[in-house]
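Asks: Structure below; questions to follow.
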Amino acid sequence: MVLMIVSGRSGSGKSVALRALEDMGFYCVDNLPVVLLPELARSLADRNISAAVSIDVRNMPESPEIFEQAMKNLPAEFSPQLLFLDADRNTLIRRYSDTRRLHPLSSKNLSLESAIDEESDLLEPLRSRADLIVDTSEMSVHELAEMLRTRLLGKRERELTMVFESFGFKHGIPIDADYVFDVRFLPNPHWDPKLRPMTGLDKPVAAFLDRHTEVHNFIYQTRSYLELWLPMLETNNRSYLTVAIGCTGGKHRSVYIAEQLADYFRSRGKNVQSRHRTLEKRKS
């Protein structure tokens, strides 16, 4: 397991890096005192979870020896890595001007330029021990996250999770949906007394819907639309794509079609989840 220690000058992108690491599965803690690193690592060792911790000028150890001792006290399962982010002086000044945030050392009545320079001196002991130093001066937020994924996972894109969920319009549209497709115009198994108590997960309902050409056409055209734009969505630094399929009650048509789409993209090697809001409500 890895204990990634993220440090660097304020405004260089530590928060962005920590969010990217969290998306990669790291357990992330912002501004944890160095002396508590071994305790955090021990609490995660049994769970087999890598961790990432940010350290800035506010929680710097008083001496390099304290940092070294904390590294020695880490459980054997953890391999510490120190990532140091930096940017040139003018870039840091511009970023502070854009965000209008206060520098951590501004309480010392220093100008922004002086605070940046003093911070560099205070962080030098960590910078000199860094396993990787990254200059973010010319990087966007997305480029920094992409670089970290490439370095740590060996791939550029974050793995996108596709979520296909069915719902009933009479219960409301899911607020977390990126795309909403209305299938209320398709043939409705509800009007068959034998099928009415069943759901789109049952074979007789699936057989009923499978007999209709318009159902096949809708599934084909919907998956074609998603396939067309999926490459761009995968490179857009997002973790989830939620596709909501709605019918009147959320019991038959939407359930069947959500499952068909989920199975298709799962067979193409995508990371897929499916859920059925109305059916889950009935269980609870």
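Cβ atoms here come from the backbone N, Cα and C positions, even for glycine.
Residues or ranges marked as ATP binding site in Swiss-Prot (evidence: sequence analysis): G8, R9, S10, G11, S12, G13, K14, S15. Residues or ranges marked as GTP binding site by Swiss-Prot: D56, V57, R58, N59. Look at Swiss-Prot and you will find 266-284 tagged as region 'RNA-binding', backed by sequence analysis.
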Asks: I'd like to confirm something. Which of the binding-site residues, D56, R58, N59, has a Cα closest to the Cα of S12 (ATP binding site)?
Replies: D56
Asks: If we skip the immediate neighbours and take only residues 6+ beyond the ends of the region 'RNA-binding' (266-284), which ones have a Cβ under 8 Å from one of its Cβ atoms?
Replies: 159-168, 171, 174, 199-201, 249-251, 254-255, 258-259
Asks: Name them in sequence order: residues not among D56, V57, R58, N59 whose Cβ is within 8 Å of the mean position of the Cβ atoms defining the GTP site.
Replies: N31, I55, M60, P104
Asks: Using the centroid of the Cβ atoms of G8, R9, S10, G11, S12, G13, K14, S15 as reference, list every other same-chain residue with Cβ within 8 Å of it (recorded ATP site), in sequence order.
Replies: D56, L85, A87, T136
Asks: To the nearest whole angstrom, what is the C-alpha distance linking R58 (GTP binding site) and S10 (ATP binding site)?
Replies: 10
Asks: I need the least crowded one of these binding-site residues (R9, K14, R58), counting other C-beta atoms within 10 angstroms of each C-beta.
Replies: R58
Asks: Would you list, in sequence order, the binding-site residues among D56, V57, N59 whose CA lies within 10 Å of the CA of R9 (ATP binding site)?
Replies: D56, V57
Asks: Tell me the coarse DSSP state (helix, strand, coil) of N59 (GTP binding site).
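Replies: In the DSSP reduction, N59 (GTP binding site) maps to helix.
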Asks: For the region 'RNA-binding' (266-284), what's the mean pLDDT in this predicted model?
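Replies: In the predicted model, the region 'RNA-binding' (266-284) has a mean pLDDT of 87.
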Asks: Cβ-Cβ under 8 Å from D56 (GTP binding site), same chain, 6 or more residues apart: which ones?
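Replies: Spatial neighbours, sequence-distant, of D56 (GTP binding site): S7, G8, S10, K14, N31, P104, L123.
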Asks: What residues, ordered by sequence, lie under 8 A Cβ-to-Cβ from S15 (ATP binding site) and sit at least six positions away in the same chain?
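Replies: Sequence-distant Cβ neighbours: D30, S54.
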Asks: Please list residues from the chain of G11 (ATP binding site) whose Cβ is under 8 angstroms from its Cβ, counting only those at least six apart in sequence.
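Replies: Correct list: A87, T91, L92, R95, Y96, H103.
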Asks: Please report how many Å separate the Cα atom of V57 (GTP binding site) from that of G13 (ATP binding site), as a whole number.
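Replies: Each residue's Cα considered, V57 (GTP binding site) and G13 (ATP binding site) end up 14 Å apart.
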